[in-house]
Amino acid sequence: MQTSQKHQTPASIHRLYHQPVKEIDPFSLPHLQILDNNVCSDICSQGTSVSFQTYKDQFFTLESSTATAGFVVYDSPSAVSISSSRSPFSPQGSQSCLSDSHHSLDNTYGSPFSGSSVVDDSNELKHKLRELEISLLGPESDIIDSCNCCFSSGAHQAASMASLNCDQLVGMIPRLDLKQVLVDCGQALHDGDTSTVAGLMHVLDKMVSVSGEPIQRLGAYVLEGLRARLESSGSNIYKTLKCKEPTSSELMSYMHILFRICPYWKFAYTSANVVIKEVMEYEPKVHIIDFQIAQGTQWMLLIAALAKRPGGPPSIRLTGVDDSQSNHARGGGLNIVGRKLSEFAESYNVPFEFHDAAMSGCEIQVEHLKVQPGEALAVNFPYVLHHMPDESVSIWNHRDRLLRLVKSLSPKVLTLVEQESNTNTSPFFSRYLETLDYYTAMFESIDVACPRDDQQRIRAEQNCVARDIVNMIACEGPERVERHELHGKWRSRFMMAGFSPYPLSSSVTMAVRDLLREYDKNYRLEEREGALYLGWVNRAMATSSAWR
């Protein structure tokens with residue numbers, strides 16, 4: 001065993017992660033969701049009256065209606081099915097989605113209802129519309145006052161509240177703030193105001209676009225989530241859709257687009273690899289357990305770096321935990337990853353052994369990991385731990401169970417990368433607002449890197465982002481698998497499991513800063529609380545930390 005070597009400079013470490021490496025795949029994202037690529041159904045009619053009927057055998061798509069009032073609306077050639085299961089931060093496999101009664105509106109979700117509501121007093125109707133208008137446009141609006149003829153007594157007194165909302169609000173579209181309409185629609189759904197929900201959804205349908213501005217693209221997927229929640233389609237849609245999924249090659253191409261234009265996964269790979277390389281500097285036997293192995297590209301980078309270690313490389317054992325969607329994208333099981341990594345390690349003269357654990361993290365037990373005496377152990381959790389159900393979901397509390405299990409193995413280091421978002425135990429409306437805020441930043445960061453009318457970008461967002469959004473909005477209980485926590489909460493969990501923070505060196509920070517030079521200047525990097533925070537403008541998007 002080598003006992004003394006000078007640390008490499010940050011610049012030399014940067015070169016390890018930016019030099020050409022033989023046969024490295026250009027990307028490796030854990031599998032994002034599988035979304036439908038066929039047009040299957042229209043969202044709704046283009047009339048002014050909105051009435052929600054029972055959708056027992058239907059589902060919604062993102063095939064938008066004709067552009068209205070100056071809004072350019074894209075007619076998507078590929079509908080978005082929410083039976084998908086992957087996102088840039090969603091390595092878990094497909095889940096069905098059952099509404100949790102603890103978070104559902106009484107007798108609303110799953111119950112067919114009509115958007116019409118008979119109002120006996122026209123003044124009351126005017127008042128409700130005025131309240132809605134003020135919420136959307138501010139107190140100075142005079143739209144309602146200029147349209148008093150619509151509220152005269154007679155037949156209009158028995159008119160549908162939802163229908164009148166649509167008539168008035170569609171005319172207001174050029175003056176509406178889309179994000180505020182999305183907020184108001186979520187609030188109305190939370191409050192059980194189904195008439196307002198019906199009207200606002202009709203308006204949103206004419207404002208959103210999968211090829212529009214970032215908020216329009218986000219709005220298209222949020223609208224799908226709202227509809228799914230409204231109709232309890234969490235279970236119905238997820239389980240009954242039988243639309244075509246992307247082929248393995250199609251999904252890989254979509255993932256590659258996001259891997260190339262956004263730094264989120266490279267941030268995870270680079271920060272974790274620099275930490276592991278430093279910790280294992282003098283170790284002759286290294287065992288790495290990766291709880292989201294995907295295509296294994298991350299470890300090609302580390303193998304290439306360790307091959308240049310003074311005194312020679314260590315022997316490396318790698319245990320990969322798999323999931324069904326990674327299997328689909330790569331077109332086969334973990335044997336494909338093992339063979340590719342073994343050939344790569346051999347080309348660098350690095351002793352290498354691969355072990356597969358083809359199961360989800362919830363199923364992992366100590367015996368599956370095959371840790372051997374004399375190994376220096378590193379454990380990697382890249383954007384995966386938030387999928388483990390905690391005490392709020394299951395008495396088994398796999399989130400904390402897995403941390404205690406890993407701690408019992410006495411790893412030299414554990415690397416954690418997670419989205420910086422708070423959606424785990426938040427009630428619906430708080431979670432809804434957090435989703436809007438987080439994914440507004442996400443879509444803005446994508447927008448600066450790829451043209452809005454790029455068909456591959458559209459499909460990448462549909463296949464690699466939309467499912468998370470729908471899952472967080474539409475689902476409750478065990479079927480809501482997107483359960484993010486802020487770094488402070490992760491810190492508490494790790495310390496309760498017996499871990500202590502592993503200080504990040506300046507080499508880690510410099511390697512990530514060098515990486516971000518390849519991307520838009522609005523990406524930010526900050527170190528605090530022992531973690532690196534990757535942000536877009538003023539919004540923290542992901543954190544990277546290390547533990548021992």
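Glycine is no exception: its Cβ is also placed from the backbone N, Cα and C atoms.
Automated prediction, rather than curation, is the source of TrEMBL annotations.
From a predicted model like this one, the values you see are computed outputs, not experimental measurements.
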Checklist entry - According to TrEMBL, which of these ranges is motif 'VHIID': 161-165, 256-260, 286-290? => result 286-290
Item to check | Matching range for TrEMBL feature annotation, region 'Leucine repeat II (LRII)', among 336-368, 435-467 | outcome: 336-368
Checklist entry - Among 176-236, 255-320, 336-368, which stretch has the highest count of C-beta pairs below 8 Å with the region 'SAW' (474-548)? => result 255-320
Checklist entry - What average pLDDT does the predicted model assign to the region 'Leucine repeat I (LRI)' (176-236)? => result 91
